[in-house]
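Here is what TrEMBL says about this protein:
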- Asp169: active site (ACT_SITE)
- Glu234: active site, proton acceptor (ACT_SITE)
- His167, Asp200, Asp261: Zn(2+) 2 binding site (BINDING)
- Asp200, Glu235, His506: Zn(2+) 1 binding site (BINDING)
- 286-424: domain 'Peptidase M20 dimerisation' (DOMAIN)
- 35-54: transmembrane segment (TRANSMEM)
Amino acid sequence: MCTQTPRPVPRPWRDENWSAASCPSTYRFSSSSSLWFFCISFMLVFIITLLLLFTVASLRTLSLDVNVGLQLARWEKTNNISLDIDQRQREELLANFKEAIRIPTVSFSETEINTTALLEFDRLLRKAFPTVFSSSLVHHELVAKYSHLFWVPGSQPDLMPYLLLAHIDVVPASESDGWDAPPFSAQEIDDFIYGRGTIDDKSPVMGILQALEYLLIKGYVPRRGFYIGLGHDEEVSGFKGAMSIVRVLKQRGVKLSFVMDEGLAILDGVISGLEGPAALKVTSIGQATVKLSVAMLPGHSSMPPRETSIGILAAAVKRLEENPMPRLFGQGPERGTFEHLAHKFKLPMKLIMSNLWLFSPLLGRVLERKPDTNAFVRTTTAVTMFNAGVKVNVIPSLAEAYVNLRIHSAQSLQEVLDLIQLTVGDQRVKMELVDGFDPLPVSSSDEKSFGFQIIKKTVLDMFPTVTVAPGICIGNTDSRHFKDLTNDIYRFAPVWFKPGDAQRFHGINERISKKNYEELVVFYSSLIQNCDIQKLPEPHSSVHEL
């Protein structure tokens, strides 16, 4: 009997001809399982990453206070002379300051400067500060006829000197603009002295020299030498005054530890959400003025071409406005500004500002929405002049536009020019650089920065509730000419600004309180003496980094 072995039933996974179509339910189950596993894994990784980021951000938020380092350190002791200003001295220093405000040292242009007023101001300085000008310790010289350079040598020549910088000239002002008091009257209203130059920049001019006058009278001799520079044409770029002072110092081989010049102030209630006032010592950004022009054959308006010089240039300008410079927030000193101020904000801003490594893109998008904070984010572009046409029925042959740019610290002048050319994208539009310069190198602000820490200590000794931070100033001063003499230029004066006061700067009703001017004198006296230490102390604790 023949027995036939039954053939095994083929199984799909062994059959070479098996396909997903032959067993759809099995395939769907396998595919769904894989997708579900992938989704679960992805969600777990995502949640773990979020938890990790939140933990790191929370720890940094709770521990980050970049202001602690040297505040708790042991500073070298110096026998500082205390300035106890009595009533007679108070009346004297205010009288000198008011007389300085009454002298209209106006700079209208590079070729139109009130030299008569500058000579009168020279006589005032010599009368108001006789000890400064007669002391054998102080070396004074006129530079470029109207600027002043003082050198006060220290008892330890090996300590690198520094420079206190200010300027004598002011911008024009007219009572008809709406002043509450004549701009050169130094009139008192509610304990404020009104007048052009009370903020910019005669309060530092007179305050520095008044402080030195009092110190010399009390027998002070510095350990660290220092210079005082007073330019006479800062408001028209300082090409004669400050630049001449720089040439003199270069010829003598002078190198400076730091330069301190006018800039920002103590901001009280100005920064929304910040608890308490803040003192910002700033670095200057770059600047440029670019002329765009289009030249074509003129014609009669009854036979217009398809495109006119005005239309072509207007389209180019529109492209510039619609395509702003790239967002650079967090790549310049503004990061240090927000981290220094972070601990003075409440949540959620405290969390965001303590963790710019994570939230820079978010904060940058918020800041760029307002014109007054957009300069923290990018190079700003402003079309300030547009000229074309001479008659209503004549198509102009030439159209010109002037563009003013304030260059972010993370960009160079050449990079900005290249971006303008790329954005305009029309060979018919000619671009010409009228003037411009790169941003100054960012001045140091860490725990090894002598100038920053000395200024910070002086501010905190006088005003313990103030938060000191590095910052950016969108305006430029004489200090930019000194970049070859030092790596660190700080733009700060201890003038108190409340909401609305910034508009007084170059505006109407410029003023300073009598108390604040006296504080300036005391501040500069303390600063000069604080600079006498040989070196900074070792920090108590390092900045927390994660």
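Every residue gets a Cβ built from N, Cα and C, even glycine.
A map of TrEMBL features onto the structure.
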residue: His167; record: Zn(2+) 2 binding site; Cβ within 10 Å: 28
residue: Asp169; record: active site; Cβ within 10 Å: 29
residue: Asp200; record: Zn(2+) 2 binding site; Cβ within 10 Å: 24
residue: Glu234; record: active site, proton acceptor; Cβ within 10 Å: 29
residue: Glu235; record: Zn(2+) 1 binding site; Cβ within 10 Å: 24
residue: Asp261; record: Zn(2+) 2 binding site; Cβ within 10 Å: 28
residue: His506; record: Zn(2+) 1 binding site; Cβ within 10 Å: 16
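Counting residues 6+ beyond its ends, the transmembrane segment (35-54) has Cβ neighbours under 8 Å at 358 in the same chain. Per-residue pLDDT, averaged over the domain 'Peptidase M20 dimerisation' (286-424), rounds to 92. Nearest neighbour of Asp169 (active site) by Cα distance, taken over the binding-site residues Asp200, Glu235, Asp261, His506: Glu235.
The Zn(2+) 2 site is set by His167, Asp200, Asp261; from the centre of their CB atoms, other residues of the chain with a CB within 8 Å are Leu165, Ala166, Asp201, Pro204, Gly231, Glu234, Glu262, Thr477, Asp478. Using CA atoms as reference points, the binding-site residues His167, Asp200, Asp261, His506 were checked against Glu234 (active site, proton acceptor), and the closest is His167. The separation of Asp261 (Zn(2+) 2 binding site) from His506 (Zn(2+) 1 binding site), Cα to Cα, is 17 Å.
A straight line from the CA of Asp261 (Zn(2+) 2 binding site) to the CA of Glu235 (Zn(2+) 1 binding site) spans 14 Å.
Per DSSP, the secondary structure of the domain 'Peptidase M20 dimerisation' (286-424) breaks down as 59 helix, 33 strand, 47 coil. Glu235 (Zn(2+) 1 binding site) and His167 (Zn(2+) 2 binding site) are 9 Å apart (CA-CA, integer value).
Note: the Cα of Glu235 (Zn(2+) 1 binding site) and the Cα of Asp200 (Zn(2+) 2 binding site) are spaced 10 Å from each other. Of the chain residues outside the Zn(2+) 1 site list Asp200, Glu235, His506, Val170, Val171, Asp201, Phe505 have their Cβ within 8 Å of the site's Cβ mean position.
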